[in-house]
Amino acid sequence: MSAVLTAGGGLTAGDRSILTAINTGASSLSFVGSTFIVLCYCLFKELRKFSFKLVFYLALSDMLCSFFLIVGDPSKGFICDAQGYTTHFFCVASFLWTTTIAFTLHRTVVKHKTDVEDLEAMFHLYVWGTSLVVTVIRSFGNNHSHLGPWCWTQTGLKGKAVHFLTFYAPLWGAILYNGFTYFQVIRMLRNARRMAVGMSDRVDQFDNRAELKVLNRWGYYPLILIGSWAFGTINRIHDFIEPGHKIFWLSALDVGTAALMGLFNSIAYGFNSSVRKAIHERLELFLPERIYRWLPSNLRPKNHHLIMHQQQQQRSEMVSLKTEEQQ
């Protein structure tokens, strides 16, 4: 939401059209990615565990944020204001859900607590309540106006300051919290791994590689928010310093990376081994064997090669039997 508001004075009509296209394309990718995760949660019962339920809420927030970014509204008045506030609400909810995932992982791994499922109601109150509060506060000091397909609501200095405090301040707070939390989780797991290695004469190298892969992936989670909103933050600061001068390439990066947040989240948080396993099982049930060879290797069933080998053996046995009968 905030990223698409970067296009203002100093940009030509052609520049604004390009930014509109970038926003629509990137938001569409995020909408597709997050919708896929939402559908997986709704269709596959085995995914309806608490840990993936938080990913579902994250994907749902991303889906709605991307939807309102795509829709926009060239009209003025209430509908335009509603579009601006809904995108703000769901984008804030998105990065707040990432903090609940980090909190859950930290409480489970570091604190060794098993009561995280009992905190679901508190998570909802925290995420939706905070998103609502900052969205309402954002309405104070805004000089509402309109720009192209977007609802420009931050033209005044006071409005820009309120926007920064109600969006970028909690955003970077979430980034710092996630980074610190995942650092503690990764450090503890690595220490536990070193202890296990020291107590064992032989370590399964395959398991070690898989474990290190998971640890490295957790380290990337805070980078998603940084990559999505770093250019937006720089653009906001630049807009404070030189409000009459817009940098097109910075605005383009701002718009594109922020609109891709939903896609990044769906890949990192949602498309995990549990989702892939559920998809593999459905492919085995409903797709004929000849379709498997056209699928990417990561979407093929794990026993695909075994099935192929068995079928080849059966065909070879049939051929040998026919040969013997002919003789």
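Any Cβ shown, glycine's included, is placed from N, Cα and C.
Because TrEMBL annotations are produced automatically, they should be read as predictions rather than curated entries.
As a whole-number mean, the pLDDT of the domain 'G-protein coupled receptors family 2 profile 2' (19-273) in this prediction is 82. Taken from TrEMBL, the feature domain 'G-protein coupled receptors family 2 profile 2' applies to 19-273.
If you look up TrEMBL, you'll see 20-42 (among others) marked as transmembrane segment.
Look at TrEMBL and you will find 54-72 (among others) tagged as transmembrane segment.
Among the features that TrEMBL reports, transmembrane segment is placed at 84-105 (among others).
The transmembrane segment annotation in TrEMBL covers 125-141 (among others). Within its own chain, the transmembrane segment (125-141) is flanked in space by residues 57, 85, 88-90, 92-93, 96-97, 100, 153, 156, 158-159, 161-163, 165-167, 170, which lie at least six positions past its ends and keep a Cβ under 8 Å from the stretch.
Annotation comment: TrEMBL describes 161-185 (among others) as transmembrane segment.
Per TrEMBL, the feature transmembrane segment maps to 218-235 (among others).
According to TrEMBL, the transmembrane segment annotation covers 247-271 (among others). Same-chain neighbours of the transmembrane segment (247-271): 2-4, 6-7, 11, 15, 18-19, 22-23, 26-27, 29-34, 36-37, 40, 55, 58-59, 62-63, 65-66, 69, 91, 94-95, 98, 101, 217, 220-221, 224-225, 227-232, 234-235, 238, counting only residues six or more beyond its ends whose CB sits under 8 Å from a CB of the stretch.
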